[in-house]
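Written out below as structure tokens is the structure these notes cover.
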Amino acid sequence: MSETGKYKTKDRVPEPTLKRLPGYLYYLEQVKEEGTINISAPTIGKDLGCDPTQVVKDLAVTGVKGKPRVGYNTYELIHALEDFLGFNRINEAFLVGAGNLGAALMAYQEHQSLGLRILAAFDVDSKKIGQTIGGIHILEYNKLFSLYDRLNVKIGILTTPNHVAQDVAEDLVNCGIKAIWNFTSAKLSLPEEIIVQNTSMSSYAAVLLRRLNDAEK
Ligand SMILES: NC(=O)c1ccc[n+]([C@@H]2O[C@H](COP(=O)([O-])OP(=O)(O)OC[C@H]3O[C@@H](n4cnc5c(N)ncnc54)[C@H](O)[C@@H]3O)[C@@H](O)[C@H]2O)c1
């Protein structure tokens, strides 16, 4: 960390910390609604069921420090978390593959509160091209190339069948996409500088089912 307490770009915040930060944000928004102006790390830890030391360490990435006996200012912390996570900026994305999953993501408007806006979706299925879901148009896949030049979008959401995922991902990269949110189970092989976030419900389901089985033994 830098001397100011804020992480510099080159300092990589550990992934588990990053994954926990939205949880703090949602929690703080709730307590703000209830009128809480200041909140301590032990209270946050107690409510979220985690260690206060962990809370302090996690929240330090925002550069905001709690005051002794007062804690954190809720508003300041919310703002700092949103800023750190980029939720208060609009990051535009293209989605490729407007099928079951793609359509659900398009219909889910809450992405906007995460600072993510799907600008357009692309598909090869002529029956889907021309439709609108959640206000987002489904365009012919080949339009990706011409639109990218005009719009300079940096994020690609990949919800195609697995067997075309690598080719589509390469197209996205050739279009200048810098980060791919990969929902397919294809293991993408892309230049190192491309940020790939793989998301799989099946790994969470596996944990849930295993835990359930263990509990029932
Ligand atoms: N991450 C998860 O938890 C999760 C959950 C469900 C599905 N998936 C994965 O998401 C992907 C999509 O699943 P689905 O059920 O929505 O499938 P789907 O068949 O309903 O949708 C896939 C869409 O991609 C389009 N498509 C096919 N080839 C294309 C290409 N070359 N370029 C652009 N579009 C193309 C199809 O026309 C279709 O509309 C699959 O890889 C599936 O394994 C992941």
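Cβ atoms here come from the backbone N, Cα and C positions, even for glycine.
Here the DNA-binding region (23-62) has Cβ contacts under 8 Å with residues 1, 5-7, 13, 17, 70-75, 77-78, 80-85, 87 of the same chain, all six or more residues outside its ends. Look at TrEMBL and you will find 23-62 tagged as DNA-binding region.
Remark: secondary structure over the domain 'CoA-binding' (86-187) totals 36 helix, 29 strand, 37 coil, with classes taken from DSSP. According to TrEMBL, the feature domain 'CoA-binding' maps to 86-187.
Neighbours of Asn100 (NAD(+) binding site), defined as other CB atoms within 10 A of its CB across all chains, total 9. If you look up TrEMBL, you'll see Gly97, Ala98, Gly99, Asn100, Leu101, Gly102 marked as NAD(+) binding site.
Between the binding-site residues Ala98, Leu101, the minimum number of other C-beta atoms within 10 Å of a residue's C-beta occurs at Leu101. Sequence-distant neighbours of Gly99 (NAD(+) binding site): residues of the same chain at least 6 apart with a C-beta under 8 Å from its C-beta are Asp123, Lys128, Thr159, Thr160, Pro161.
Summarising the environment of Gly97 (NAD(+) binding site), the number of other Cβ atoms within 10 Å of its Cβ, over all protein chains shown, is 26.
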